[in-house]
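Record features (TrEMBL):
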| type | residues | note |
| --- | --- | --- |
| BINDING | A:R10, A:R27, A:K38, A:D47, A:E51, A:S83, A:Q87 | substrate binding site |
| DOMAIN | A:1-91 | domain 'Chorismate mutase' |
| DOMAIN | A:105-285 | domain 'Prephenate dehydratase' |
| DOMAIN | A:299-376 | domain 'ACT' |
Protein chains: 2
Amino acid sequence: MANEELEALRVAITETDNDLLATIAKRQKLTHQVAETKIKHHIQVRDQVREEQLLVRLIKQGQEVGLDPHFVTKLFHVIIEDSVLNQQSLLAQRANPEASLPINRVAFLGEKGSYSYLATQKYFARRSGELVEIGCKSFPDIIATVESNEADFAVLPIENTSSGSINEVYDQLQHTRLSIIGELTHEINHALLIHEDVELGKIKTLYAHPQVFAQCSHFLAELGNIEVKPCDSTSAAMLVVNELKSPEVAAIGSEGGGRLYGLKAVKSKLANQKENHSRFIVVARNPIKVPLQVPAKTTMIMSTVQSPGALVDALTVLKDNDIAMTKLESRPINGNPWEEMFYIDVEGNIEDGPMQKAVESLRDMTRYFKILGCYPVEDVAPTRVAVASSLTQ
Amino acid sequence: MANEELEALRVAITETDNDLLATIAKRQKLTHQVAETKIKHHIQVRDQVREEQLLVRLIKQGQEVGLDPHFVTKLFHVIIEDSVLNQQSLLAQRANPEASLPINRVAFLGEKGSYSYLATQKYFARRSGELVEIGCKSFPDIIATVESNEADFAVLPIENTSSGSINEVYDQLQHTRLSIIGELTHEINHALLIHEDVELGKIKTLYAHPQVFAQCSHFLAELGNIEVKPCDSTSAAMLVVNELKSPEVAAIGSEGGGRLYGLKAVKSKLANQKENHSRFIVVARNPIKVPLQVPAKTTMIMSTVQSPGALVDALTVLKDNDIAMTKLESRPINGNPWEEMFYIDVEGNIEDGPMQKAVESLRDMTRYFKILGCYPVEDVAPTRVAVASSLTQ
């Protein structure tokens, strides 16, 4: 009886979901046309004044049909983010027709199910062309695979909200000719993955990447008496658990990745720090041109002369040209204990006037200077509206 | 020409957005009926197996019309979260008819625009009844306002991802008879708020709450020579900037809050730590009953005898009853240097068998034990699907 009632309602919900998808697809076609018009007439992709008007109107209209303003805001942030990223992607592809390949061969760390694999899937879902995944064992392997033209792109983790910068990747970037052509942020949610239903207390052996163990140390302490087995990658850990098919073993990795190995998540958010994101960069043999209509970031490396204030002087050049720095990372140079290499991310397009001026000054004043790449910003800041005030208007 | 083209496209987009809202409202009515059926037949609110099937189907169907699987997943996570929260809210209201008031008088820290104000708006948007906001100057004031029946509820920040637990609030909870009846998480995004367009370099004075200055110390260091003026609350800082109407002053607070004072955000995400969320609790004079169909949390405080292992023994009781702990906080007891008070959050409903057994044991073995409240979990964990595998099926 209850089941019949629920079934009928669910059929009706399915219909509305189908309508939703169809309407969203229609909206996407329209925003694609908007992008074409913007390309033709050199108009900026984002128009936050319009977005704000849109949100305020939608919130009001939503309230009239009983929808929570916070829900409507959140929903349209997701829709607008998708629309902005699609428009940016279209512009970038038009500006770099040679980079649009029928097949994208992408190198990444680990195998199917690793966090780098999931980030690769996410980034290339927005690009045209078929995706061919090339799992690699180490960061130098990944770089070599692209340099030797066995892969077209590589996806590399560069920093993590809990563990910080991934120095190994920064060190690789110092010695390669590859260019950064994109970035993305991906949520890292460590879950306990098992092959069949077991009680937590029955698990005797836990497989994971050593860095994952470090990030989940509080959870491991809670578990108590358990044997911990380090693996080369998260995907390797999943594979072992999939093959052992025992109720006494488990892996730590992403829930989505685990499903690829038939594993079930029994507990998630295992990391000590609850908010856990990684930023990945995408590299290729050739740099790309970022259209000026799209917000861009530029990554550069430089080494300054060993004099007090040399770095400050370099950063002042950026400030004087009104260029915002989003990241500064320093790494020692192998064999040169008196020098440091600085990695700097700034907001700006390398083809922009102030940026070119700044780069010219920096080249003059540093011992070594290189642009690692200029690429579209993937972090679409949501347009905020005063939800409360729109409630009372 | 470009404008005409864009205008026509935008009219079409507005139409699809209207369709979207209408369909979402229709879906919400259906899920409301689902909730009614579930209440009648005592069925759990969430059915993650069904959610997973739903997502897999929607992702596939979305791909057929050219939608990115990650976008579809994100979109329906927002829709499902809203649906689950609405169903939970309906169940909780049915189980506590006496707590459904025609007017909800809510006490919180600061005034219009403070983070506590925004959290209050968000929480009560989902409840029936009119909201009357009562801004207070301090945490003891807030508690007193509810205890004396000048307010029905209070919204209190209890922990923050960057600054940790808010000890002042924990200490208040030790001495009050109020009960926790709800929780919510709210994003804290500090933005630089100004009255009119100015260059960052022109700002001479910055108003904010002292804790905000602490959380944004890196940004302040970057700004350099600027005078910093501490205020009682974020809303007080906004009010000053609104009244001064000078291009040389700015406040730090939320973008949404700033808009209530006619202020514009020129830079956001100012905090040292990029991920910044606060967890708030909602308290009232009487505890509520949480229906067993809804995931619940229980907060308790206890002091153990001063013997090594007394706390471990208490925690073992929870473990033995298979009750997961989500937070443990210890606070010294004023005047009793040999004792500590422990605040423990666990997953579980106080009316559940294992929980009652655990509580009974804990009462026996502790010097002091009190349930601060049992309330619905507001954090709706999204159902994960293997996006990548659904791509290839």
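Every residue gets a Cβ built from N, Cα and C, even glycine.
All annotation found in TrEMBL is predicted automatically rather than curated by experts.
Features as recorded by TrEMBL, highlighted on the structure.
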| residue | record | contacts (Cβ under 8 Å, 6+ apart) |
| --- | --- | --- |
| A:R10 | substrate binding site | none |
| A:R27 | substrate binding site | A:I79, A:S83 |
| A:K38 | substrate binding site | A:Q44, A:V45, A:Q87, A:L91, A:Q293 |
| A:D47 | substrate binding site | none |
| A:E51 | substrate binding site | A:I80, A:T383 |
Site with most surrounding Cβ atoms, counting all protein chains shown within 10 Å, from the binding-site residues A:S83, A:Q87: A:S83
For the domain 'Chorismate mutase' (A:1-91), the number of residues DSSP places in helix, strand and coil: 80 helix, 0 strand, 11 coil
Diameter of the substrate binding set by C-alpha atoms, the set being A:R10, A:R27, A:K38, A:D47, A:E51, A:S83, A:Q87, in angstrom: 41
Per-state residue totals over the domain 'ACT' (A:299-376) - DSSP helix, strand, coil: 24 helix, 35 strand, 19 coil
Across the domain 'Chorismate mutase' (A:1-91), average pLDDT on the 0 to 100 scale: 90
A:R27, A:E51, A:Q87: the binding-site residues whose Cβ falls under 8 Å from a chain B Cβ: A:R27
